[in-house]
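A.B. asks: Mind looking over this structure? Questions follow.
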Amino acid sequence: MVIANSNIIFVAGLGGIGLDTSREIVKSGPKNLVVLDRIDNPAAIAELKALNPKVTITFYPYDVTVPLAETKKLLKTIFDKLKTVDLLINGAGILDDTQIERTIAVNFTGTVNTTTAIMDFWDKRNGGPGGVIANICSVTGFNSIYQVPVYSASKAAALSFTTSLAKLAHITGVTVYSINPGITKTVLVHKFNSWLNVEPRVAELLLEHPTQTTLQCAQNFVKAIEANQNGAIWKLDLGRLDAIEWTKHWDSGI
């Protein structure tokens, strides 16, 4: 996918990985970058606008846990303004296993609902033009961090959802791939809380391992966007971008 002159919606585009990715996207010259985030950050929006004045940056407050109808209403506002949208990035996520329901609601249900909502505008069965979705999942979708089983399970669910959608592209016209960062130095990682406090030092222990910066992750994220491979399972770890080959242990036969 060519980012230049495209219209992009970025859910959670002002977070740690999100903000650096927004910066890299803006450098590539899209026509519009629409940032949806729960927390307003005027300074970050101003920075993005200054980074490339030719790009129109728009912000809308958005919590992915709102009812599906509210998400559809917001997307209608965006589509009415832009007419077309080329790429949706689902990037909302929390890393706190003490908040079980919210972890599932943000990391999994929010991705499902935002994706479902945009199908009203993209699904070729309804006369839509199709589109591209990049879902930010996690390497914990491959192998869990067992001290944070809720977070790991939510990301595994998001990854499974994404791989299923990719196989529906011939029906919907919407292509999908997953972005799976490894341990990345963000504020969220420092606030990582384990399930039932089974490991009080989980954040500290994770950061003892080799990590990557948010900039390294963002630069590889943009490479994945440009590659635009339906069904790709991208691992973004230690400053590398690698396509993962998923091992099939069972087949539904349908």
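Each Cβ is built from the backbone N, Cα and C atoms, and glycine gets one as well.
Feature annotation from Swiss-Prot assigns NAD(+) binding site to 10-33; the stated evidence is similarity to another entry. The substrate binding site feature in Swiss-Prot is assigned to SER138. The annotation active site, proton acceptor is assigned in Swiss-Prot to TYR151.
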A.B. asks: In this structure, which of the recorded positions PHE10, TYR151 has the fewest other Cβ atoms within 10 Å of its Cβ?
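C.D. replies: Sparsest of the recorded positions PHE10, TYR151 by Cβ contacts within 10 Å: PHE10.
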A.B. asks: Helix, strand or coil for PHE10 (NAD(+) binding site)? Use DSSP.
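C.D. replies: DSSP assigns PHE10 (NAD(+) binding site) to strand.
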A.B. asks: Is it possible to get the count of other C-beta atoms within 10 angstroms of the C-beta of GLY13 (NAD(+) binding site)?
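C.D. replies: 28, counting other Cβ atoms within 10 Å of GLY13 (NAD(+) binding site).
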A.B. asks: Minimum Cβ neighbour count within 10 Å among the binding-site residues LEU19, ILE25: which residue?
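C.D. replies: Ranked by other Cβ atoms within 10 Å, the binding-site residues LEU19, ILE25 bottom out at LEU19.
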A.B. asks: Could you tally the C-beta atoms, other than its own, that fall within 10 angstroms of the C-beta of SER22 (NAD(+) binding site)?
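C.D. replies: Within a 10 Å radius of the Cβ of SER22 (NAD(+) binding site) lie 28 other Cβ atoms.
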A.B. asks: Among all protein chains shown, how many Cβ atoms are found within 10 Å of the Cβ of LYS31 (NAD(+) binding site), not counting that one?
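C.D. replies: Other Cβ atoms within 10 Å of LYS31 (NAD(+) binding site): 16.
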A.B. asks: Take the C-alpha atoms of GLY13 (NAD(+) binding site) and SER138 (substrate binding site) and report the distance between them in angstrom, rounded.
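C.D. replies: Taking the Cα atoms only, GLY13 (NAD(+) binding site) lies 16 Å from SER138 (substrate binding site).
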A.B. asks: Indicate whether LEU19 (NAD(+) binding site) is helix, strand or coil by DSSP.
C.D. replies: helix
